[in-house]
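If you check TrEMBL, you get these features:
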MOD_RES   Lys36  N6-(pyridoxal phosphate)lysine
ACT_SITE  Lys36  active site, proton acceptor
BINDING   Arg130, Met300  substrate binding site
DOMAIN    231-355  domain 'Alanine racemase C-terminal'
ACT_SITE  Tyr252  active site, proton acceptor
Amino acid sequence: MSAFQARLTVDLDALAANFALLRRLAGAAEVAPVVKAGAYGLGSAPVARRLQAEGAKSFFVARLTEGETLRGALGEGASIYVLDGCPAGSAERLIASRLTPVLNSLEQVEAWSAARGGPCVLHVDTGLNRLGLRKDEAEGLAKAQSAQGGLEIAVIMSHLSCGASHDHPMNHRQAESFAAIRALFPDARASLANSGGLFHGGGFLHDLVRPGITLYGGGPFDHADPRIAPVVTLEAPVLQVRDVPAGESVGYDGGFTAPRAMKVAILAAGHADGLLRAQSPAGWAVFDGLRRSFVGRVSMDLIAVDVSEDQAPRAGDMVQMIGPDVLIDEVAAASGTIAYEILTRLGDRFETIYKGAVQ
Ligand SMILES: *Cc1c(COP(=O)(O)O)cnc(C)c1O
């Protein structure tokens, strides 16, 4: 272990516990982990391989290249769904890596049919207006399918626009609309829920659910949920502890002035590591079980915390920036964002440790 380097610990046992919880909540529906964007920044290969060892059979990524990499990590057995689908020119590569595209438009449907690519997922839009066929397009396709077949639709899916809001009426409108469209494709399995949808339960579960953030330690409704185990711990070393006389300022722009004589610890982590500048002044870190408030701005490589009151850390001690005592949803709230952005922005100059990795 090299000294004075921030450390990122990814607790794959906690990931497995979250997967087990989601499976219980999903009942008979298959839980297909979403491992796009490098498993939300945690590392797609170690995350997906552990989930596979826990029994996951199907995985979602966003990009073709993510799918190709994941195929290498998971071997032949896994089903890998690519949310970008089959944009022009990508069918051959999808087929070569046996990836299943999520077809998002009639153009993609045509391209995949022409390539005779095999099973696909059909994405229908029910109100998000991002990707997916409109209802009339889905109806037209269903007619053509029953007349001449041609497309092997394994799953029909849609995506919620307000999944993270517990009782938003939009969720129910989308659920109704989805139920009507899925009836047009009676042989396909159906999938509507992300993490939020999974926690809505009942009519949102269908045959397959697609959780991401709740696997990685975020709550389903953009705030911390005690049922979800923290997966990521980010610790930064103390580089120096210094005395700041009353009236002097700390950090760039003189944004913080010591109201009294203070002791501050300077930590080796900053916005280049994923701690957002917006987290000052609301941020805090934990050392020795106590919350230590940020003082001054988060800068690129450094942040200062107030250690006046209690046992001060010493150079080389590690301070928790994110983890069981500083939940990602709390960090996100202090930064004016959501846990997804905190995780996917984590930097790459940490010592990274995977607890419970599959060899
Ligand atoms: C990212 C994504 C998910 C996972 O969403 P979470 O909110 O992280 O659970 C599910 N479905 C689709 C289509 C997505 O793009």
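Heads up, residue numbers simply count up from 1 along the chain you see.
A Cβ is built for glycine as well, from the same backbone N, Cα and C atoms used for every other residue.
Fair warning: this is a prediction, and the values are worked out from it, not measured in the lab.
Same-chain residues at least 6 positions away in sequence with a Cβ under 8 Å from that of Met300 (substrate binding site) are, in sequence order, Gly270, His271, Ala272. Between Arg130 (substrate binding site) and Tyr252 (active site, proton acceptor), the C-alpha separation comes to 40 Å. When the neighbouring Cβ atoms lying within 10 Å are counted for each of the recorded positions (Lys36, Arg130), the highest count belongs to Lys36.
Within 10 Å of the C-beta of Tyr252 (active site, proton acceptor) there are 15 other C-beta atoms, taking all protein chains into account. Distance between Cα atoms for the residue listed as 'N6-(pyridoxal phosphate)lysine' and Tyr252 (active site, proton acceptor): 36 Å, as a whole number. DSSP classifies Arg130 (substrate binding site) as coil under the three-state reduction. Under the three-state DSSP scheme, Met300 (substrate binding site) falls in the coil class.
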